Structure formats: structure tokens, C-alpha cells
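Here is what Swiss-Prot records for this protein:
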BINDING   D99, Y398  cholesterol binding site
COMPBIAS  674-684  compositional bias 'Basic residues'
DOMAIN    69-185  domain 'FZ'
CARBOHYD  N38  N-linked glycosylation site
CARBOHYD  N192  N-linked glycosylation site
CARBOHYD  N497  N-linked glycosylation site
MOD_RES   T597  phosphothreonine
MOD_RES   T644  phosphothreonine
MOD_RES   T648  phosphothreonine
REGION    542-573  region 'Interaction with BBS5 and BBS7'
REGION    574-657  region 'Required for interaction with PRKACA'
REGION    585-597  region 'Interaction with DLG5'
SIGNAL    1-30  signal peptide
Amino acid sequence: MAAGRPVRGPELAPRRLLQLLLLVLLGGRGRGAALSGNVTGPGPRSAGGSARRNAPVTSPPPPLLSHCGRAAHCEPLRYNVCLGSALPYGATTTLLAGDSDSQEEAHSKLVLWSGLRNAPRCWAVIQPLLCAVYMPKCENDRVELPSRTLCQATRGPCAIVERERGWPDFLRCTPDHFPEGCPNEVQNIKFNSSGQCEAPLVRTDNPKSWYEDVEGCGIQCQNPLFTEAEHQDMHSYIAAFGAVTGLCTLFTLATFVADWRNSNRYPAVILFYVNACFFVGSIGWLAQFMDGARREIVCRADGTMRFGEPTSSETLSCVIIFVIVYYALMAGVVWFVVLTYAWHTSFKALGTTYQPLSGKTSYFHLLTWSLPFVLTVAILAVAQVDGDSVSGICFVGYKNYRYRAGFVLAPIGLVLIVGGYFLIRGVMTLFSIKSNHPGLLSEKAASKINETMLRLGIFGFLAFGFVLITFSCHFYDFFNQAEWERSFRDYVLCQANVTIGLPTKKPIPDCEIKNRPSLLVEKINLFAMFGTGIAMSTWVWTKATLLIWRRTWCRLTGHSDDEPKRIKKSKMIAKAFSKRRELLQNPGQELSFSMHTVSHDGPVAGLAFELNEPSADVSSAWAQHVTKMVARRGAILPQDVSVTPVATPVPPEEQANLWLVEAEISPELEKRLGRKKKRRKRKKEVCPLGPAPELHHSAPVPATSAVPRLPQLPRQKCLVAANAWGTGEPCRQGAWTVVSNPFCPEPSPHQDPFLPGASAPRVWAQGRLQGLGSIHSRTNLMEAELLDADSDF
């Protein structure tokens with residue numbers, strides 16, 4: 001039988017049986033013995049027969065089907081072990097291995113294929129296939145063909161082979177190489193399926209952690225693109241800048257709280273919320289430095305890197321840190337837009353009583369807290385939260401940069417456009433006020449405008465700079481991420497010795513990652529984020545902040561504050577009006593002002609422009625006479641009279657009063673005033689001494705009106721006006737005017753012209769004694785009328 005000739009299994013037994021029958025008929029003992037030895041094996045016939053009789057009876061192997069075998073030249077095995085497992089047969093052939101011509105070459109190829117040991121799930125199914133192809137069972141010049149099922153079982157777990165190198169032709173599951181339904185001796189061999197994962201991969205049974213086509217292995221938690229030293233350097237950098245940002249923003253928050261009564265004003269209070277957002281964000285960055293927190297945040301339980309969070313099988317530490325950092329960041333940038341809008345509208349309303357932000361604050365809060373919430377929920381819904389061991393936090397889009405562009409760069413870019421527009425318009429408004437209306441500004445207001453314009457310019461420059469830095473760093477990541485992934489994949493394949501299809505005996509070179517991200521770019525990106533928080537806190541780095549903490553310290557320690565207080569005139573007048581009952585009973589009472597009445601700047605100095613008040617300083621003389629001034633203006637009455645009574649009150653009983661003054665305009669003067677309407681002065685003259693005339697109300701009684709009238713007030717001693725007649729002319733009757741004023745000076749007998757014994761008449765002019773200093777004539781009581789009369793300023 002020629003080698004290589006196809007032999008059919010069922011024809012072999014009848015042919016040998018025919019040869020034995022011929023030998024028996026011919027009677028050739030020796031020849032029969034020789035033939036029997038060739039068939040059964042070497043040695044004497046009796047020994048061979050005894051061995052066969054004593055051997056255990058085993059079931060014969062199933063007959064080899066015609067399509068499951070192929071004629072081949074069988075060779076004795078030189079390697080009895082295939083991929084660490086012993087072979088149960090003693091002959092093989094290299095006919096099926098298309099890349100090997102000898103057993104030595106086939107063995108070297110198996111060593112190369114053993115690199116798939118680093119893909120555990122692939123290694124468990126590919127070992128039988130490799131042994132069935134490179135070291136098949138060969139018997140009687142016939143080789144067993146592996147089944148198609150054995151070949152197809154490797155396609156899924158070993159997809160990395162097809163993706164990286166492609167399967168060789170002799171390992172493709174074609175019918176001529178892998179027929180259907182063929183049993184194979186190799187399938188009964190027990191192989192070691194406990195594969196291992198070469199660093200930077202780790203063994204895991206979680207399909208969500210598998211690295212692309214390497215089933216059974218996932219990327220280690222520590223980012224392999226950076227070294228251990230780079231990790232430590234970045235962690236120290238984050239600790240330093242995160243702590244500085246946290247302290248700066250915390251100081252800003254404490255300053256606002258220490259003087260919340262004066263600080264809780266828009267737009268300055270918006271900086272409080274901005275700093276609160278960056279403070280919470282810095283807490284999220286610094287949480288990784290707690291004992292074991294970083295591994296809990298960025299690593300899964302199997303030691304692989306977190307990505308695609310949230311998942312039901314892992315803890316919520318990664319999600320919590322993401323929500324803290326991302327929500328705080330987005331809320332902070334939205335508050336920045338609100339801040340620039342508030343600045344713009346407030347600057348436009350300078351010099352007027354219009355409050356542009358009144359009624360809009362609730363909408364500010366609704367916008368700034370709800371928009372980041374919607375973005376956060378959307379990210380969690382698509383499960384795109386990834387961990388990063390370098391930064392130590394979980395954030396959106398570390399693995400898929402498209403989500404980072406949509407949920408980070410797009411909102412920040414929109415903020416840059418909208419906030420920049422309002423910021424530029426606000427600065428232009430201040431410049432217009434300063435240049436077009438210089439006469440309306442006091443020196444202090446002009447100085448504040450210059451200071452605010454400078455600070456807004458610096459702040460805007462820093463904000464634009466930090467945003468541009470953030471965009472540049474992210475674009476650097478986006479453009480190079482594909483190259484970094486290819487370099488990492490080559491590194492993984494090199495570590496796993498996956499060099500399929502390379503018939504070479506050269507040693508495998510050292511593996512290294514050729515292209516890696518720059519640690520400097522990562523530091524610059526973090527500096528831009530932390531620097532924005534620090535820039536937001538600089539708005540309270542003013543002298544007003546030092547004064548606030550000085551007052552707070554004095555209040556906590558009980559010491560007196562020697563700082564001179566500034567009180568607004570309008571608040572002093574309102575205070576006097578609110579204390580009208582006490583002042584009516586005790587005209588000499590002095591007003592006391594609490595610390596809440598004192599007017600001082602909040603921590604964000606430079607944003608409150610008092611364009612209508614040239615100076616906030618109040619002289620001591622003005623402060624001492626404020627009660628008398630309010631009384632002379634008619635703000636303090638002898639009894640509490642409602643401004644808008646609900647009904648016509650009953651007038652009090654009239655009592656005779658000797659201290660009355662007649663006043664009337666002469667007919668000649670009345671004509672002159674009617675013609676020209678320019679001269680409005682009246683002549684005054686004190687009535688001659690003598691008994692006071694009786695009251696005669698010659699004026700007609702007004703008709704009944706539905707409009708409520710004020711009650712008639714009791715007449716008291718007070719000089720309010722003098723008659724307009726010439727000297728020596730007798731007083732005329734009628735048109736009496738009585739106004740109560742408890743603060744008029746009480747005249748003595750030798751001074752008052754109305755009492756007997758007075759030496760000389762006293763000259764009065766427009767309700768005051770001649771020679772006394774004038775009382776301030778332009779005082780705005782609007783604020784006093786609007787404020788609560790019983791409130792404490």
C-alpha cells in the first residue's frame with residue numbers, strides 16, 4: 001500500500017482475513033507466523049498470543065468515516081506534549097499545518113500561538129484546535145481531520161485574531177479542512193483552561209469589563225498610558241490646587257455670611273452662589289484623598305477601570321463624585337451668565353430709582369439649578385460616566401469623547417458667548433456713564449466706576465482665557481485619542497505575544513507605548529478649572545472685606561468697634577419718623593442707631609454706585625437737629641393720624657388759645673402775584689400788643705364731600721407765619737392757620753411779643769426767628785414714608 005494513497009477503513013479487515021485463509025490452506029507455518037507477527041506485533045507467536053489473552057478488553061475506537069480522514073505520511077511523535085497536555089497517541093503528521101514542514105517547526109508555531117494564553121476565554125477553546133491541526137493523530141498512514149464544530153467554537157472568543165492578523169487559510173473553518181460531524185481524539189484531551197491576562201490587562205469574568213475583543217481580560221484600574229510617577233505627580237498637583245480653590249471659595253462664602261444683611265443684594269449676592277458651586281466642586285475633587293477612596297471611586301470590584309457607569313453591580317461612589325463635580329461645574333457657569341446679565345441691567349439703571357432685578361431673582365434660581373440637573377440626568381441615562389485614575393474622579397466622556405464634547409464643551413461655549421456679550425455691554429454702559437455724564441458723578445462714584453471697569457476687564461480676560469485653555473486641551477485630547485488607543489492596543493498585543501501569521505524565529509522585542517498623552521496638557525486643563533474658581537473668589541479681596549471681618553471679630557469678642565460709622569441721611573430721617581411717638585412725648589430725646597442702621601459696603605465693593613448722593617458723610621449738627629427738622633416739616637404730629645382715614649373722624653373739642661397769629665395776603669400783592677406769578681414772598685409783621693382777638697371763622701363752610709378729611713388739630717403755642725400787612729396796621733380777622741409743633745421754642749415774657757411786659761416786638765420771617773441758622777431745605781422723605789414706621793433700622 002503506497003503512502004499517500006487513500007485507504008478506506010472498511011476494506012482493510014476483509015483483505016487481511018483473505019491473506020490468513022490462503023496461508024492456512026497452503027500449510028505454511030513459518031510464513032503464517034511471520035505474517036502474524038507483522039500484524040500483531042513483534043515477538044514469538046505464543047508470547048504474542050499470551051499477551052493478547054492477558055490484556056484488558058477495551059472497546060475499539062469508532063470507525064473513521066471516509067470524509068473525516070486523509071491519507072498522510074505518519075511520523076513518530078518527537079514531542080509527546082501539546083500546549084502542556086499529554087497526547088494519547090504516538091504518531092502524527094504535519095500535513096494539516098500549512099505553515100510547518102516539520103514537527104520542530106510546528107512546535108515553534110505552537111509556542112507563538114501560546115500568546116493567546118493571555119486571552120483566557122480564547123485560550124480555553126483554541127487549544128484543542130491547535131493540537132488537532134499542528135499535532136494530529138496519524139495512524140496507518142491516515143490522519144484525523146478536526147470537526148467543523150471545534151473550529152467554529154473559536155471564532156467568538158478569539159475575535160482578536162481575526163481583527164488583528166486574520167486567521168491563516170488552514171485555520172479557516174472551510175469544509176475541506178473541517179468537515180461536519182467528525183469525532184477527534186484531541187477532543188478527549190483535558191487542557192489547562194486557566195489562562196492569564198498579561199499587564200496592563202487583568203482577569204475578569206464581567207463581560208462589561210472586557211477589553212474589546214480580549215474576552216476574559218479588562219484594562220487595569222490604573223491608567224496604563226501614564227506611569228506610576230506621573231500618577232503621583234498629578235495627585236499632588238490636584239491636592240494643592242484643589243485645596244487652594246476650596247479655601248478661597250470658603251473664605252468668600254464666610255465673608256458673605258458674616259455680613260449677610262448688607263451682602264444679600266443683587267447682583268453682588270450672585271457671586272456667593274458662584275463661589276458656593278466651585279467650593280462644592282473642589283470638595284468632589286478632594287474626596288479622593290480619603291483613605292482608600294480613590295480606588296473605590298475609579299475602580300471596579302474586579303480591579304478594572306470603571307466606564308459606562310452607572311451599573312447595577314457596582315457601588316455609587318463613582319456616580320456620587322460625578323454628580324458633585326459636574327453639577328457644581330455646570331451650575332457655576334450658568335450662574336456666571338446670570339451674573340453678567342445682572343451687571344448689564346444694573347449698570348443701565350444707574351442714577352434712577354428703577355430696580356431692574358426686582359421680581360427676577362426666582363427665575364434666576366430656577367434656571368441655574370434646573371438646567372444642570374437636566375444635563376446630569378441625561379448623562380446618567382445614557383451611562384457615559386467613566387473613571388480616571390490620573391484625575392481620581394469620575395466624569396463624562398473619558399472613554400467616548402463625543403459625549404464630553406456635547407455635555408461639557410457645548411455648554412461652556414454657549415456660556416462664553418452669552419456671558420461675554422453681557423459683560424462687554426456692561427463695561428460699555430459704565431464707560432458711557434463716565435464719559436457722557438461727568439457732572440452727575442461725584443468723585444467717589446467716578447472712582448468706583450473706574451475701579452469696577454478695571455476689575456471687570458481683568459475678570460473678563462481671565463474668564464475668556466480659562467475657557468479658551470479648556471477648549472484647547474479638550475481638542476488636543478479629541479484629535480489624538482485615536483492614536484493613543486492604537487498605541488495602547490499594540491502594546492497589549494505585544495505583551496500578549498499575539499504574533500499570528502508571522503513565520504519568524506526572531507525574539508520578541510520589548511513592548512512600550514509609543515504615543516501617550518502629555519501630562520503637562522492635563523495639568524494646564526486642571527489649572528484652568530481651578531483658576532476659574534479662584535478668580536471668582538477675588539471679588540471679595542477688598543478693603544471692605546477687612547472691615548467686615550473686623551466688625552465680626554468685635555461682635556464675637558464683645559469689644560467696641562472704634563471705626564467711624566457712616567449713616568445715610570435718608571435712613572436718619574426715616575428713623576426719626578418711626579420714633580415719632582417717643583419724640584412727641586420727649587422732644588429732647590436723641591436718636592440711637594444700631595449697627596444695622598450703619599451704612600457700609602458689602603464684601604463686593606465697587607458695585608454700589610451712589611450717583612445721587614455726593615457724600616455720605618453727615619455732620620454732627622445735622623444729626624442733632626434731624627428731629628426738629630422732621631417736626632418742622634410736619635412729619636411729627638401731636639397724635640397718630642392716618643394718612644388715608646377710612647371715615648371722617650370726629651374733630652376734637654376746640655379750646656381757646658391765646659397764642660395765635662393772623663395771616664392774610666394784601667389785595668395789592670395778590671394782584672401782582674396773579675399778573676406775574678414770579679414773586680412769591682410775603683411780608684410779615686408781628687401783631688401789636690394787646691388782648692388776643694376772638695376767633696371768627698368768616699370763611700364759608702365747605703360743602704359735604706365724600707373725601708375723608710383730617711381732624712381738626714388742637715391749637716398749641718407755635719409761630720408758623722406772620723401777617724403780610726404793613727407796620728402799625730391793625731390785624732385782620734379770618735383765615736387762621738393752626739399747626740401743632742411741639743419743637744418750637746417756648747418764648748420767655750421778656751422775649752415774646754404777645755405777652756404783656758415785652759420790651760420790644762420780635763421780628764419773624766417765614767416761620768422762624770431771624771438770625772437763626774437755616775434748616776436744610778431739600779430732604780427726601782420718600783424713603784421714610786415707604787419704610788415701616790416701627791422697624792429697627
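Every residue gets a Cβ built from N, Cα and C, even glycine.
Positions of the features from Swiss-Prot, shown on the structure.
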{"residue": "D99", "record": "cholesterol binding site", "DSSP (3 states)": "coil"}
{"residue": "N192", "record": "N-linked glycosylation site", "DSSP (3 states)": "coil"}
{"residue": "Y398", "record": "cholesterol binding site", "DSSP (3 states)": "coil"}
| task | Do me a favour and check the Cα-Cα span between D99 (cholesterol binding site) and N192 (N-linked glycosylation site); whole Å is fine. | result | 25
| Along the domain 'FZ' (69-185), what average pLDDT does this model show? | 87
| Are there any residues in the same chain, six or more apart in sequence, whose C-beta is under 8 angstroms from the C-beta of N192 (N-linked glycosylation site), and if so which? | G84, S85, Q127
| query | Counting across all protein chains shown, how many other Cβ atoms sit within 10 Å of the Cβ of Y398 (cholesterol binding site)? | reply | 23
| said: Give me the count of other Cβ atoms within 10 A of the Cβ belonging to D99 (cholesterol binding site). | reply: 16
| said: As a quick check of your reading of DSSP, tell me how many residues in the domain 'FZ' (69-185) are helical, how many are strand and how many are coil. | reply: 46 helix, 15 strand, 56 coil
